[in-house]
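All remarks here apply to the structure that follows.
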Amino acid sequence: MMHQSLGLGLVVFVAAPVVAFQTQYPLSPPFPERLHEEWDESCSISKSTAFETFKGPNNFSTSPSEHIHSVKITPSINATNWEQWEFDGLSHTGLSGLLMAFSRDASYAFFGQGNLRVEFYITLGDGTVIQELDYISESYVADCPGFTAGVWNSSDRSYSFHVTKDHQFARLKFDSWRVRGGFTMSSSTKPHLADGSPWTADGGKADATEISPGLHYGLSMGGADVNVDATLSSGRRIAFKGRGGSTRLWATDGWLKLCEGWKVFRAWAGPYSIVYWDVMGRMGRPGKYVSGHLFYNDELLVGSRVGNVSAEEDYVLFTDNYDGEMSGRYKDKNTGHTFEFASPSKDKKWKFDMQHVVTQYEMGAGAGFGMSGFANRVVGGEVGGVQYEGKGHSEQTYWPEYIEEWKIWLVWGFGFLGKGKTYVMKMVSYVL
């Protein structure tokens, strides 16, 4: 589950036809000096402990009117369904990145570590990779009038998020043996759902949150300014600014039953921001499912689940490219991608080329299956118009229907390997 200078006048002219590769960004609101973060009696609090699951069917909400960050599964998850809150950012250079995901998920209960975990990746320009998959004792999600907040904590470490109800601001904090600090996010994009419709409290189509059968999605922040400031246990400070966003995922079953793989992208180029999901579904009617959002100066241009050419509906086309310099280690050897967003009603198209430039993380599952994350160079814009250059993050996966438990122990079980986990994961990614 995926941002160069703020000067607007930087223009590089190339050979005829004249095209301006410009670098600029949407202007997000400044992060406030303080956020109201007090939990009181006006808040509804959902608590979940590490080994708590609901026996039998529970309440699984697919409502398009519920706030995107609200708890979707009540009173708690059961043995199959799960939910996740995800936040990510990439530096303006594209060399440093951060991804943080909070999950309530019993998919890997056989580890004996519980159902609460935090996935945490930081990649730095010098090649340093910090990978955390931390199993936590308890989690709280507070749904308050002005914000939604979550805390995943154990006696010696804590991770938290705080998102305002208007989806403009988010603050993330982490305090563990490996890294301490946080990051802020400021966005002026409106929240949207999987079908491209804007989220409103009045609701939308009944299936508006569904990407593929069993998998549901809300886009809280399509594009946001990100400011990261953290310190490693070694004393080294990590600080960068960039672009990123936030998404919500919840599903009826584990990933291996839901799909054989996915490709996820968050990118920006000049005033454009792109968020795209491509899922090869296994449930219901197996096949390819897409959800794409294209913003211009933080206003939605195209939002659609249509992945083929249409004369009437907005659509998005996606193609893998193989002519670049960098690919993943596993079966999928693409070196980049091309996106084409189209709006027949506006008689306009937008095209963007994305090329992998940095491998951020990889995890293998054997026999060529696995997951790869990349930082990317992005170039594009309106067809026949000004072209812009930017950066992006992508993640691609390809999974078998079944993974032997010993391999899952290696791939996902590193959360309790202790301080040597990063070195173990590097070794595992090459072995598998």
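Cβ atoms are placed via backbone N, Cα and C, with glycine included.
Annotation comment: Swiss-Prot describes 1-20 as signal peptide. Taken from Swiss-Prot, the feature N-linked glycosylation site covers Asn59, Asn78, Asn153, Asn308.
Sequence features, as recorded in Swiss-Prot, placed on the structure.
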{"residue": "Asn59", "record": "N-linked glycosylation site", "Cβ contacts under 8 Å, 6 or more apart": "Ile73, Thr74, Pro75"}
{"residue": "Asn78", "record": "N-linked glycosylation site", "Cβ contacts under 8 Å, 6 or more apart": "Thr53, Phe54, Lys55, Gly56, Pro57, Asn58, Ala106"}
{"residue": "Asn153", "record": "N-linked glycosylation site", "Cβ contacts under 8 Å, 6 or more apart": "Ile136, Ser137, Glu138, Ser139, Tyr159, Ser160"}
{"residue": "Asn308", "record": "N-linked glycosylation site", "Cβ contacts under 8 Å, 6 or more apart": "Tyr315, Leu317"}
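When secondary structure is read from DSSP and collapsed to three states, Asn78 (N-linked glycosylation site) falls in the coil class. DSSP gives Asn308 (N-linked glycosylation site) a coil state; it is part of no helix or strand.
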